[in-house]
Amino acid sequence: MKRNRFFNTSAAIAISIALNTFFCSMQTIAAEPEETYLDFRKETIYFLFLDRFSDGDPSNNAGFNSATYDPNNLKKYTGGDLRGLINKLPYLKSLGVTSIWITPPIDNVNNTDAAGNTGYHGYWGRDYFRIDEHFGNLDDFKELTSLMHSPDYNMKLVLDYAPNHSNANDENEFGALYRDGVFITDYPTNVAANTGWYHHNGGVTNWNDFFQVKNHNLFNLSDLNQSNTDVYQYLLDGSKFWIDAGVDAIRIDAIKHMDKSFIQKWTSDIYDYSKSIGREGFFFFGEWFGASANTTTGVDGNAIDYANTSGSALLDFGFRDTLERVLVGRSGNTMKTLNSYLIKRQTVFTSDDWQVVFMDNHDMARIGTALRSNATTFGPGNNETGGSQSEAFAQKRIDLGLVATMTVRGIPAIYYGTEHYAANFTSNSFGQVGSDPYNREKMPGFDTESEAFSIIKTLGDLRKSSPAIQNGTYTELWVNDDILVFERRSGNDIVIVALNRGEANTINVKNIAVPNGVYPSLIGNNSVSVANKRTTLTLMQNEAVVIRSQSDDAENPTVQSINFTCNNGYTISGQSVYIIGNIPQLGGWDLTKAVKISPTQYPQWSASLELPSDLNVEWKCVKRNETNPTANVEWQSGANNQFNSNDTQTTNGSF
C-alpha cells in the first residue's frame, strides 16, 4: 500500500508549467513504484567542506600534483577526505544533525591558478562522473552513503552540484570537460557562441542585466550552455550517477546564473528518476546570493519567482543578513526587524517552510567574526561595521542566533565549526576580514561540550518529532527592540520561543495557548509558568527559552493551517492546478476565484491556507488556464473532498 505523499505549500519546490519546446520534447514520465516519501522539513542540515573537515587517509593528500597540497595554506588542499568524514559520523550523530551537505566531490582541476588557488572547494569541475583524487574513490563514497542510510545513523546526504559552469576559461585547464575520463571539449575549442557546450559572451559586466547574469561567464568560469541537448544530458546523467551512489538531495550552486526553464526541466527529470528507483521526495535547494523576501525588484527580485516556481527551494540569504544585523546590533536593526522579516517571508514565498535558513556560510565572514571585529568589510555585499564584542559575549549571541535559526519556519543549515564558535580575523586579497578562504578553515575540533553544540543537538532532536517546528504556523506573541517571543504550532503541538538580545528584563506575555502549568525550557535553566494563557517571563541578556506542549487541553486556535495537496496534476503549457470549494477562501466554486497552488514536486501540487476553526469544507482540484479561467479546464473526478478544519491539518485530492 502506498504511503500518502504530502508536501505543504510551505514547500518551495516547483516545476514549470510553460517549458520551452526543447525541454518539452525531452520530458519522460516514469512509472510510479512503491516508495518511501522523504520530507526534508524534518531535517537539520550540516554543511561541511570535505577538504577542511577531517583527514582520514593521508595517502591521497597530494593527489596527482603535490603542489596542490599544503595543510597550512587555505588556498590549497589541506587533507580532508571521505574517509575522514566516515570516521566522524559518530560525532555528527551526537550533534543531532540528520543531513550532511558536502562540497562537490567531483574531479576538479589538477593545477593551481596564477594566484595559487586550487579546486579544493569542488566548484572548478572537470569530470562530473569521477571523484577527485584528493577525496578518495567511489567505493569510499558508497561506503559513506551506506553507513549514513543504515539504522545506526539514519542520515541523508546532500550533494553540492554545479551545473552552471566548469572551470576557468582563461587559465589552468581552460574549461576542459571530461566524462569518466574521456575528453569532451574545452572552452577555446568549443567556440560556437550560443549553440555549443559553452556560452561565449564574455564575463558579466552589468550585474543588473539578468540576461548577462545567466548567459555570461561568472567571473572567469566557463559558462555551460544548458539549452544544448548534449550539455543537458551530461548534467542529467551526472546527477543520476550520484543519486545511484546514494545522494538524497542536491544543493544547486549558482542557481541565479541559470535559466529557470533548465532548472524546472532538470529538477522534474531528477524527481521522476528518484521516484522510479523507489525514493520519492528528492529535495533541491539553490544558492541565489542576494535572495531575500525584502527584494522584489531587479535581478535579485527574480529569486522569489525561482523559489516559488523553479522546482528548487533557495537558501534564504535575507534571513541570514537580517539575523546578523540584529545580533551585531547594527543601527536600526532590532528584534522587530527580525519579526517583520519572518512575517514577510510567509507572504512572498509560497513555501517558506521549505526555504533553507542559515546563519553562517562559506561566501562571507562567519557571524563570530562579524560580532567580534570592528572591520567594515566581511565579504561580498557585507560592508557593514562589526560588533567589536568580546569573545564570551559573541558566543552568547551565536547561541541566540542558533536558537532562532533552528526554530523559525524553514529548514536549518549549520555551517561546520559554528558549534565551536569558529571565527577568523585575517584579511583576504580583497580586504575582506574573515572571508574566503579564511571562513573555510580546518575544522577547529570535535569536542562536544560547548553550549552551541548542546543547542544544535537539543533543537535538532525537537525538529525530528515536532510538527510545529517542521511546518507549523508562526505567530508573534510579544516583541520590542530587544525581545521576541513567538509561537510555532501544528494542532496540539505548540512550541514557544523567547529570544532576548538586550539587558535582563521581565515581560508579561499573553495569548499563550498551552494549558496551565510550569514548563522547563528545553535549553538553559529557565522555566515558564503559564496561568490563564499568560506568563510573567524574566529573561537574562542573550538568553533564549524554548518550551513545548503536546496536550489535548491546549487552547483551540481561532484559525487552523490546512495543507492541501493535489496529486497527478500533469499540465500543458499555460495551465496550472487550482483548488476550489464551498467556502469564500476557496472561491465559492467560482473558477475565476479558485486558489492557484504550487507544483511542490511535479506532478504533485500543494498549498497551505489558514482557515477558521470548526469549518466544514468541501473542495476539489481543478486544472485551468492561468489567464483564461474557462480554458483548458479539467476537474478532479468523483465526489468532493471533505473535512472539518478542527479534525485535520492535511487534505488530499488527485486527478
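A Cβ is built for glycine as well, from the same backbone N, Cα and C atoms used for every other residue.
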Per Swiss-Prot, which one of HIS121, HIS134, HIS257 shares the Ca(2+) 2 site with ASN164, ASP223? HIS257
I'd like the number of other C-beta atoms within 10 A of the C-beta of ASP55 (Ca(2+) 1 binding site), please. 19
Residue among recorded positions HIS165, GLU287, ASP363, ARG440 with Cα closest to the Cα of ASN61 (Ca(2+) 1 binding site): ARG440
Sort ASP81 (Ca(2+) 1 binding site) into helix, strand or coil using the DSSP assignment. coil
If I take the alpha carbons of ASP55 (Ca(2+) 1 binding site) and ARG440 (substrate binding site), what is the distance between them in whole Å? 15
Can you name the recorded positions among GLY79, ASN164, ASP223, GLU287 whose CA is within 10 A of the CA of LYS256 (substrate binding site)? ASN164, GLU287
Could you tell me which of these recorded positions, ASP223, GLU287, has the greatest number of Cβ atoms within 10 Å of its own Cβ? ASP223
Could you please provide the mean pLDDT value for the domain 'CBM20' (554-655)? 88
Using Cα positions only, nearest of the binding-site residues to ASP81 (Ca(2+) 1 binding site) (HIS165, ASN220, ASP223, HIS362, ARG440): ARG440
